[in-house]
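What follows is a short report on a single structure.
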Amino acid sequence: MYRFAPSPTGDMHIGNLRAAIFNYICARQKNMDFILRIEDTDKARNIAGKEEEIKEILNLFSISWQHYYIQSENLKFHRQMALKLVSEKKAFACFCTEEELEAKKELAKKQGKAYRYDGTCEKLADIDVLECEKPFVIRLKKPTHTMKFTDFIKGELSFEPENIDSFVIMRTDKTPTYNFACAVDDMLENVTCIIRGEDHVSNTPKQEHIRASLGYNKAMTYAHLPIILNEEGVKMSKREAHSSVKWLLESGILPSAIANYLIMLGNKTPCEIFTLEEAIKWFDISKVSKAPARFDLKKLLQINREHIKMIKDDELNKILDLNKDLAQLAKFYTQETSTIKELKEKMQAIFNAKDFGEFETEYKILKELLKDIELFENYEDFKNELLNKSNLKGKKFFMPLRIILTGNIHGPELSDLYPYIKNFIHELARI
């Protein structure tokens with residue numbers, strides 16, 4: 001069982017989407033169920049509407065799920081599991097205040113040591129715990145042995161007990177910490193493989209320790225994906241516009257192109273342009289590079305152009321939403337545009353009212369002729385017919401004709417454009 005477990009705290013990051021895509025692909029390859037779990041336990045940071053936005057984005061990428069969970073609905077199970085650990089003396093109540101802990105952290109810092117919980121409350125007698133009325137958290141006792149696990153990308157990783165520490169699993173308000181809720185949910189939902197970003201590597205031994213302490217002995221496999229760098233080679237920030245999946249989509253980049261690019265990013269693929277369904281046939285998580293991958297917007301736009309060309313005409317017409325059969329004309333314009341947004345602007349420039357400036361007189365002459373002109377198969381025949389009937393020459397002929405046909409003073413060769421614009425010429429003459 002594979003899962004994607006985002007938090008509804010902001011726009012989906014391309015790193016999150018990459019994890020979703022990889023989990024989905026592997027689930028399909030293994031013929032296993034795929035889980036979508038919304039991790040909403042951080043109520044202060046949750047943003048209204050983001051849960052639905054996550055589902056909408058996954059649907060756009062043709063990522064479907066068989067099971068859907070809301071983490072906060074598992075709160076009773078989180079509390080039951082925490083109580084079980086306390087009753088078995090595997091976890092304990094900690095009454096240390098934030099101020100006390102902060103003072104100890106400062107002391108460790110001055111001594112040049114990494115702070116570790118010193119066990120102040122670990123050996124409190126039961127009666128002392130019962131009689132103490134101070135707020136408390138619950139800490140899981142640190143493991144007694146080295147924690148090891150194998151990662152499909154990073155190989156074998158190990159963590160010593162002192163580096164895992166006796167960490168908090170339940171807060172003073174009786175809500176679970178991220179690691180505890182995540183570990184318990186993965187256990188309850190029978191997740192068998194976790195693919196996520198490498199920023200979660202340090203969480204893995206804690207989650208393994210939680211499940212082991214609860215007596216869960218089913219093996220879990222992992223793949224921690226390397227970080228994505230920006231074009232300057234620095235870790236991509238969530239504040240950077242093109243790190244947001246929503247921004248990429250709104251910019252007119254197709255979901256299929258984004259998926260293509262993210263699968264290819266830092267990976268060995270048999271070809272450069274492919275669909276998600278094609279990738280399912282050959283994708284191998286172990287071939288993903290350990291090294292950070294650098295995001296290249298120009299490369300993504302190049303891939304997007306190819307995916308626009310691959311779209312079926314009726315589907316592209318729906319996307320353009322201009323109530324015309326413009327698919328072939330739009331695909332022709334991919335030579336100078338890279339996104340659906342740019343294509344729409346090109347199409348609107350062609351079919352909207354135009355400013356002819358100094359060529360207003362010539363425009364009126366051409367407009368009348370174009371309303372009924374014979375639409376020859378060959379551009380040269382069309383051009384010569386129009387030249388002869390208009391008595392216009394040079395710039396005074398070609399510039400207004402270009403504006404009529406393209407809405408711009410610059411653009412593709414009219415001879416190249418003609419086969420795609422021909423059927424619209426009578427209409428353009430009446431705008």
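Quick reminder: no glycine exception, Cβ is built from N, Cα and C everywhere.
Here is what Swiss-Prot says about this protein:
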MOTIF     6-16  motif ''HIGH' region'
MOTIF     235-239  motif ''KMSKS' region'
BINDING   K238  ATP binding site
Quiz prompt | Neighbourhood of the residue listed as 'ATP binding site', C-beta criterion under 8 angstroms, separation at least six | solution = G10, D11, H13, S244
Exercise. Could you check what DSSP calls K238 (ATP binding site) once collapsed to helix, strand or coil?
Key: coil
Quiz item: Going by DSSP, how much of the motif ''HIGH' region' (6-16) is helix, how much is strand and how much is coil, in residues?
Solution: 3 helix, 1 strand, 7 coil
